[in-house]
Amino acid sequence: MSVSTSCCAAQDTGFSSDDNVLLESSENGELQRRMQRHAASGCITKALETLNLMRNNGPGKPSTYDYNAMIRYFLKSGSVAFDELFEVYSGMKRFGPSPNLLTYQTLLNGFISVGRSKDAMYITDEMMACGFSPSFTILSKLFKKLLKTESVVDAVLLLEIMLSVNYIPSQYDISVLIQGLCHVGMVQVATSLFVKISGKGYFCGGIIYNPILWALCKSSQTCGALAFFGFLEKKGFVRSVYSYTALVYGFSKDRQWREAFLCLEEMENVGCKPSLVTYTVLIKFLCDDGKVDVALNLLEKMEERGYNPDLVVYNIVLREFCTQGRVGDVYDLIQLIDQKGLSPDMYTHAALAGGMLKRGNVEFVNKLLLNIILRHCSVDTAVYNIYLHSMCCDSNTGEALSLMQSLMEKGFRPTNRSYNIILKGLCKERKFYEAFKLFDCILWPSNGPDLISLNTVLSAACKLGNSDIVQRILWQMEHEGINLDVVSLTSLIQYYCTVGKITDCLKLVESMVINGPRPNTVTMNTLLIGLCKNHLLGLAERFFNYFKQIGVPADTTTYNILIRAFIHEGNDLMVDELLREMSSHKLRPDLGTYSCFVYALCRRGKIALVLHLRNQLRENGIPPNLFIYNTIMKAMFMKGMFWEIIDLLQDMYMDGCQPNEGSYKLLKGAKLKGWMKGSPQALQMRVFGMFGKLS
């Protein structure tokens with residue numbers, strides 16, 4: 001009965017077995033079109049449901065090609081839920097149908113096109129693990145995307161994959177990767193990559209290896225740069241003027257002048273003519289090291305060899321002349337610039353004003369910049385910032401703030417540095433209330449006060465031992481999610497030493513060593529000053545040795561702190577040992593070191609020897625500072641050397657030193673303590689008159 005019914009049914013429909021196949025094919029086609037519509041609209045759940053209906057229409061359905069089509073349409077929809085897409089891929093791997101080459105290529109292209117480089121890297125790894133090799137075109141496309149987003153670590157991993165299948169990106173792309181690695185401090189990785197690529201026989205030009213040389217030199221790894229330079233020579237790579245200039249930069253930056261000039265000589269010997277940039281680099285670092293006369297000699301040689309120094313070179317020398325207070329040379333150089341037909345630019349103004357301000361000539365800078373601004377000369381934010389700084393140095397922070405606000409009405413755009421200059425001025429004048437009002441100003445660029453702003457107020461409060469302000473700043477930093485850096489913690493070390501909380505100070509130092517941020521030279525110097533002021537010289541000496549053990553480098557200031565403390569203690573043996581140690585580390589005595597010697601000699605009453613030392617300093621181009629003059633003056637007052645004091649005041653005038661508050665306290669103290677008793681009234685009047693003249 002059932003068979004006959006079945007036959008009747010078959011007879012009634014009029015379909016043969018071939019017709020059934022066509023029906024299934026027709027149904028699959030409709031389901032495929034429906035699936036594509038759902039996927040194209042971004043609804044992958046319904047698309048999957050539609051695919052599952054195909055399972056009823058025969059074995060092998062839905063196929064890998066059906067899934068590939070769904071993925072392709074889904075990626076084109078523009079509203080992709082990537083978690084769902086990964087679930088589809090995982091389902092294909094676990095339950096079938098298995099992904100094929102087209103599946104991986106579709107996913108890779110899709111992820112690359114929407115900028116999901118991390119996901120593309122994952123799919124690349126999966127593809128390689130399954131035995132499929134992506135095409136050079138698609139990997140090159142992904143490599144460029146990674147470089148564009150500065151994902152240098154992933155780019156290195158991808159390059160390793162490309163090299164494993166003998167694909168090599170263009171020289172330009174590799175150079176971008178090398179530069180990116182150097183920029184984030186991964187110079188060793190960049191070097192290893194270069195050695196590997198060049199070892200495979202691929203051509204590598206200067207565009208690839210020169211950035212490595214420069215990165216090594218800029219990060220004070222000159223020995224490594226020299227070794228890399230030798231490697232290039234051994235392998236036959238052509239070193240250009242750019243390569244040699246990198247070495248000149250590295251040696252000059254590290255103050256290895258003999259090596260820098262030998263490198264310059266080597267360039268000329270091998271026929272690699274130094275460029276204007278090479279000379280500019282050398283002159284800049286010579287000036288930074290105070291060797292402006294050596295820089296001038298080099299400038300003369302440049303001109304003898306046919307080079308025309310540009311305004312950049314003259315601006316560098318001009319700034320150093322200003323810093324050293326060589327006013328006559330400044331005017332001569334400005335005349336030379338004019339004779340050369342060069343017009344002073346905003347950098348000239350910044351060099352002149354910045355150098356003079358560093359020298360302490362605040363009044364000169366104020367007049368100069370005001371004149372430049374009133375004459376509508378070309379000035380930039382840096383020049384305006386110097387002017388604001390000079391006003392703040394002259395205790396006119398309120399006027400500086402008013403000026404900045406009026407300039408803003410005329411189109412001036414202050415930077416965070418502009419606001420931080422005003423902040424520093426307010427803190428210097430102890431106007432913390434106004435400083436906090438400035439914090440709340442809505443006109444700050446970017447996102448308001450930055451870490452430097454907060455550290456500026458914190459540092460000022462720590463110096464004064466102002467607990468309320470310190471706590472308020474720490475609360476604000478915590479509230480805004482700003483982590484304390486080495487500057488913040490160094491300020492707190494100073495605060496603890498100022499208020500006498502030595503135990504808390506030492507706990508903080510221990511925490512920095514263990515947990516970070518790592519203490520630096522400034523941290524060490526701050527701690528040593530605090531311990532010495534609290535009469536803990538023995539503890540200071542132990543910490544000095546401890547910091548050396550953990551690799552914190554000492555500078556000239558470090559030794560000056562300890563030398564001064566041991567002079568005060570009368571420990572000449574330790575002073576000699578520290579001086580020998582300075583010499584062994586190639587640290588040269590500076591004005592602070594000589595100030596220590598002046599202090600020691602004055603304590604012993606050896607005025608003649610002190611004056612001889614002062615004269616030597618002047619002959620060596622190191623003008624004595626006000627501390628030295630005040631120290632000598634005090635010793636002279638104590639010994640009743642009033643005629644000599646008049647000569648000393650005249651020397652002060654010649655060296656451009658004006659009496660400060662300490663000088664007047666010294667004069668007042670000399671009279672109160674009776675040091676001037678017995679000297680003629682006319683002589684006393686002359687001393688007071690000289691003070692008035694200097695002021």
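Cβ coordinates are placed from backbone N, Cα and C, and glycine is handled just like the others.
The repeat 'PPR' annotation in TrEMBL covers 63-99, 100-134, 275-309, 310-344, 380-414, 415-449, 450-484, 485-519, 520-554, 555-589, 590-624, 625-659 (among others).
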With a Cβ cut-off under 8 Å, give me the same-chain residues at least six positions beyond the ends of the repeat 'PPR' (520-554) that come close to it.
486-487, 489-490, 493-494, 496-498, 500, 502, 505, 509, 512-513, 561-562, 564-566, 569, 574, 585, 587
Are there residues at least six beyond either end of the repeat 'PPR' (100-134) with Cβ under 8 Å to its Cβ atoms? List them, or say none.
64-65, 67-68, 71-72, 75, 80, 82, 85-86, 89, 92, 141-142, 145-146, 149, 151, 154, 157-158, 161, 165
Determine which residues of the chain contact the repeat 'PPR' (310-344) at the Cβ level, with the cut-off under 8 Å and only residues 6 or more beyond its ends counted.
276, 279-280, 283-284, 287-288, 290, 292, 295-296, 299, 350-352, 354-356, 358-359, 361, 621, 623, 656
Give residue numbers and ranges for long-range contacts of the repeat 'PPR' (450-484): same chain, 6 or more residues beyond its ends, CB-CB under 8 A.
416, 419-420, 423-424, 427-428, 430, 432, 435-436, 439, 491-492, 494-495, 498-499
Which residues of the chain, 6 or more past the ends of the repeat 'PPR' (275-309), have a CB below 8 A from one of its CBs?
241, 244-245, 248-249, 252-253, 255, 257, 260, 264, 267, 316-317, 319-321, 324, 326, 340, 621
